[in-house]
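J.: My questions all concern the structure below.
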Amino acid sequence: MPAHLLQEEISSSYTTTTTITAPSSRVLQNGGGKLEKTPQYVEEDIRPEMKDDIYDPTYQDKEGPRPKLEYVWRNIILMSLLHLGALYGIILIPTCKIYTLLWAFAYYLLSAVGVTAGAHRLWSHRTYKARLPLRVFLIIANTMAFQNDVYEWARDHRAHHKFSETDADPHNSRRGFFFSHVGWLLVRKHPAVKEKGGLLNMSDLKAEKLVMFQRRYYKPGILLMCFILPTIVPWYCWGEAFPQSLFVATFLRYAIVLNATWLVNSAAHLYGYRPYDKTISPRENILVSLGAVGEGFHNYHHTFPYDYSASEYRWHINLTTFFIDCMAALGLAYDRKKVSKAAILARIKRTGDESYKSG
């Protein structure tokens, strides 16, 4: 489809928005660790059917020391072995056939989109709707990524938004870079994560047969899609050596996808600008967006979690938005939620850090 026609298709499907002016409060954490209250406004009610990913300013951490960390040694050992295998895969890259490298890159893109367009923007935030063929594709691609099943991923992510930067946030960035990057997967969840996560309304995903099917058969699914298939195809189809197939196409590719996603939780909460809301931790981080196919515009995303682009700028360093728009042009995605420019500019004027550049 010509670019101008695709652009018309994109514009024609945006959801009409309604402005509301009810303010609430938000906690501001500044560089010195001081906490203060600052107004937060919800500009548009463009996704009235779900509110469990909207920040809850009333929740506060309980006073007193955190519970002692309980290490999950199985995860520590498996993650260590995976990354050792990935390092060996880097050494093997010069000995790989070009088809193997292309295969690994394609598998990385597919699995990344399964997380970003699937688990994140579709199932966690309901920022757009997808017809059955697209949902099937996204469930398969998400299984290729092996980052917990969609139900668990979405539950943790909704808790991350609703209770951001508190003990009920599964990967609370106030606990440091390592914890928010991978450490949270190596220890037992904080009791507040279990308590508050268990209270979230997950009825939409419980009613989604594909999501429940994936959850039921997740272990054999990830064994096949994340490990066996990416290893067997290069070895069988074009005669790649088995070590290159295993360590490059599987271990290295999987480790890259994992770390690209983790950087959204760590680097994009610590490094970058906050043009939309300086009162929250998430930042705009272009490097993260490159690796995570469009998920690095994190200050925007936490300010407007109901926007299907997770960014103001649609396709700018945002392969996921491009993918969703292409699916919309094919009739497979629809009802894409998009925040109006007026609402964005109004929010920037109220809470931005003055780093905003229109474009």
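Cβ from N, Cα, C; glycine included.
In case it helps, Swiss-Prot gives these features for our protein:
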{"type": "BINDING", "residues": "ASN75, ASN148, ARG155, ASP156, ARG188, LYS189, TRP262", "note": "substrate binding site"}
{"type": "BINDING", "residues": "HIS160, HIS269, HIS298, HIS302", "note": "Fe cation 2 binding site"}
{"type": "MOD_RES", "residues": "SER203", "note": "phosphoserine"}
{"type": "MOTIF", "residues": "120-125", "note": "motif 'Histidine box-1'"}
{"type": "MOTIF", "residues": "157-161", "note": "motif 'Histidine box-2'"}
{"type": "MOTIF", "residues": "298-302", "note": "motif 'Histidine box-3'"}
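Mind mapping these onto the model and telling me what they sit next to?
T.: Shown in sequence order, ASP156 are the residues of the chain, 6+ apart in sequence, with a C-beta less than 8 angstroms from the C-beta of ASN148 (substrate binding site).
DSSP gives HIS302 (Fe cation 2 binding site) a helix state. Listed in sequence order, TYR55, HIS161, SER164, ASP277, ILE280, PRO282 are the same-chain residues at least 6 apart in sequence whose CB falls under 8 Å from the CB of HIS302 (Fe cation 2 binding site).
Cβ neighbour count for SER203 (phosphoserine): 8 (other Cβ atoms within 10 Å of its Cβ, all protein chains included).
Tertiary neighbourhood of the motif 'Histidine box-1' (120-125): same-chain residues 47, 50, 53, 135, 138, 150, 153-154, 157-158, 205, 208, 211, 295, 305-306, 308, 310, 320, 324, selected by CB-CB distance under 8 Å and a gap of 6+ residues from either end.
Sequence-distant contacts of the motif 'Histidine box-2' (157-161), counting only residues of its own chain at least 6 positions beyond either end whose CB sits under 8 Å from a CB of the stretch, comprise 52-55, 119-120, 124, 168-171, 193, 196-197, 200, 265, 302, 305.
Among residues of the same chain six or more beyond the motif 'Histidine box-3' (298-302), those with a C-beta under 8 A of the stretch's C-beta atoms are 55, 161, 164, 264, 268-269, 272-277, 280, 282-285, 288, 310-312.
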J.: Can you tell which of the recorded positions HIS160, SER203, HIS269, HIS298 lies nearest to ARG188 (substrate binding site) in space, using Cα positions?
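T.: Closest by Cα: HIS160.
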J.: Determine how many residues of the motif 'Histidine box-2' (157-161) DSSP places in helix, in strand and in coil.
T.: 5 helix, 0 strand, 0 coil
J.: Under DSSP, is ARG155 (substrate binding site) helix, strand or coil?
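T.: In three-state terms, ARG155 (substrate binding site) counts as helix.
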J.: Can you check which residues sit near ARG155 (substrate binding site), meaning Cβ under 8 Å from its Cβ, same chain, 6 or more apart in sequence, and list them in order?
T.: GLY197, LEU200, MET202, LEU205
J.: By DSSP, what is the split of the motif 'Histidine box-1' (120-125) into helix, strand and coil residues?
T.: 5 helix, 0 strand, 1 coil
J.: Quick one: average pLDDT across the motif 'Histidine box-2' (157-161), no decimals.
T.: 97
